[in-house]
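Below: the structure, in structure tokens.
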Amino acid sequence: FFFDPCAGVLPCAKGPMTSYARGTPFSFSDMFPDFHAPDALPDLLNTAELSGKAERFDEMILCLKRLIELDPQLSVEGRNLLSSAYKNVSAPRRHACRVIAHLMQKEEEKGNDSQVKMLKECRRVTEKDLVEVCRDILLLLDEALLPNAEHVEDKVFYLKMQGDYHRYYAEALVGEETQKAKALEAYSKAHELAQSGLPPRHPLRLGLALNFSVFYYEILKSPDRSCMLAKEAFDHAVQCTAGEARAEKESASIMQLLRDNLTLWTTEAHDSKA
């Protein structure tokens, strides 16, 4: 099996998606000419969901952008669709960056300069694509979603997303201190709000703790802080009464991830001291 990292990267959305990232209006009318009135919101939400099921994530994002343009206060379903759309667009690019980095390391060890040169160019293109996706969602969060978020859960959700995509930005551009600082600021604000406004077993609060602790471990290289965050979230959740069945299943899954990370991180810390 041979993996071609360049071929494995999905093309970055052109036209409407990237034009929004540059701050200019995108033309939605060519694609969905009837979706221009407030009563189109259910149709937009449904079209976004169907686009996601069909794995047409760029179109899914266009639907959601139009939805936000009409009403920037998304429902829980709309929020989840937005998160899913950008996750599915960014994840292949993040994976490709990791694969390319691994291949580059192997070729450098072999002294294969020609392969390293090709992989560097592939990495440059892939990182550029990932950065464009990050800029796109961060602009949407900054200009539309966060300013119109009224409820604690909405604010925590969007601040967590903001932290996540500044983190991915920092992954793409190693040494990008500005993105690290912005990720830390967003995660910290979300964490403070979640601590005071969401129960310990709430899936969003647990998911935030998981991602924030990963940020400390992988980006800030602070294993002590990451372990403290993960352990605190896990311990508080264990002591808390279980919620409704559907949310509880999600909470239990995230708690297991927190526990797995704690085990891995403490083992690595012990091994490094041995």
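Every residue gets a Cβ built from N, Cα and C, even glycine.
Curation does not apply to TrEMBL; its annotations are automatic.
As the structure is a computational prediction, the values presented were derived from the model and not from experiment.
Here is what TrEMBL records for this protein:
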DOMAIN    43-274  domain '14-3-3'
SITE      R94  site 'Interaction with phosphoserine on interacting protein'
SITE      R167  site 'Interaction with phosphoserine on interacting protein'
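Of the listed recorded sites, namely R94, R167, the sparsest Cβ surroundings within 10 Å are found at R94.
Here R94 (site 'Interaction with phosphoserine on interacting protein') is positioned 11 angstrom away from R167 (site 'Interaction with phosphoserine on interacting protein'), judged by their C-alpha atoms. In the predicted model, the domain '14-3-3' (43-274) shows an average pLDDT of 93.
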